[in-house]
C-alpha cells in the first residue's frame, strides 16, 4: 500500500473509474474531508474484517469504521467487496458512494439489505446445463440485478456435459429477445470461455453469482489460467455442489479486468427497490399495461393482455407465474423498506443515522 500519494495508474488496474483524481463531486467532497487519506479497494470481505488493495499485488488487512461494529448498524451501509474506501494507515476512514451494486434482501424475518458486490460493470449469472438448470432462479437473479446499474449476462456452464444445451437456450429465448446477453460455455475450456471477453476488458469489474456447483470457481480458474480457486465435484443425482467459495473476493485477471467470485446463495429475496421491467420482465410489464383493468391479476379477468399472450403461445405460463410471485415479493419488501426509511429519517433528524452510500447508475 502506498503511504504518500495516490497512484491512479495502478488504481486503474483494479477498477478505478477515472484516469486521475475522482470526477464525481460527492467523491471529491469526501476526499476533501480526509486530506491525509488514500483510496483503496475492498478485495476481500470476511466475518472478522476486510482486506483492501491499491495495486493488484499489494493488499493489507484493514480496520473498519467503529460504527460498523455495532450489531444494529445496517449491513448494506458497511463496505462490501468492490467498494472504494479511504484509508489512513490501516484504518478505513470513509466509504465512497457506490456507482453500481447488486443487493438482496437478507435472510430472516426483519428487513435488511445485503450488498453482494459494489462498483461492478457486469453480473455474470452462472447456471449449469445439468440438473442445476433453473430458468426461474435465473429470472430471480435478473430481478436483483435490474436497476442496480450493472449489465446482466446469463452464463450457462457445463455445455460439454449435456445434450440439452439447445433446449435450454430455447427456454431463454424470451430473455435474449429483451437484449439480455446469453452465453453457453464449457467452464474448463479457455477457447469456450473466450466468449466472455467482451465484458472483461481492461479496467472493468465483473461479479459471478449463482448456486453452489454451477461452475463459478472453475470459470474463475479458467479465466485466470491457474488453479487459484478450490473446486469441488457435484453430486450426480441432483447436481448440487458444496460451497467451494467461502467468502467474496476480488481477483485481478490477466485481461486487465477484475473478477469477484461469490459463494452460492440459497436465498434470493428482493429488497423492494427492484423494477420488474428492468429485471427481465419488460415484455410482461408491457402487456400488463394493455390489460383492461389497472389492477388486473392476470388470472381470469376479461380483457387481460397477459392471458391472451399465454393462450397464443407467446408467453411461457411458468414464467408468468414466476413474474406474479416476484411482483408480490417486491411489493411486500417495498412496504418494509418504506417503513425502514421512515424510521431512519426520524433517526437522522436526531443525528443517529448516517446517509446511504448507494447511488446506483451506469458507469
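Each residue's number is its place along the chain shown, starting with 1.
Any Cβ shown, glycine's included, is placed from N, Cα and C.
According to Swiss-Prot, the domain 'CP-type G' annotation covers 112-268, on the basis of sequence analysis.
The annotation GTP binding site is assigned in Swiss-Prot to 157, 158, 159, 160, 210, 211, 212, 213, 214, 215, 216, 217, 218. Other C-beta atoms found within 10 angstroms of the C-beta of residue 212 (GTP binding site) number 20, with every protein chain shown included.
Close to residue 296 (Zn(2+) binding site) in the fold, though at least 6 residues off in sequence, lie 288, 303, 304, 306, each with a CB less than 8 Å from its CB. The Zn(2+) binding site annotation in Swiss-Prot covers 291, 296, 298, 304 and is backed by sequence analysis.
The region 'Disordered' annotation in Swiss-Prot covers 340-363.
Of the recorded residues, residue 214 (GTP binding site) and residue 298 (Zn(2+) binding site) place their C-alpha atoms 34 Å from one another. Taken residue by residue with DSSP, residue 157 (GTP binding site) is part of a strand.
Here the CA atom of residue 210 (GTP binding site) lies 30 Å from the CA atom of residue 298 (Zn(2+) binding site). Residue pair residue 159 (GTP binding site) / residue 291 (Zn(2+) binding site) shows a Cα separation of 40 Å. The binding-site residues examined here are 216, 298; by Cβ neighbour count within 10 Å, the least packed of them is 298. When every Cα pair among 157, 158, 159, 160, 210, 211, 212, 213, 214, 215, 216, 217, 218 is compared, the largest distance found for this GTP site is 19 Å. The binding-site residues in question are 157, 218, and the one with the fewest Cβ neighbours inside 10 Å is 218.
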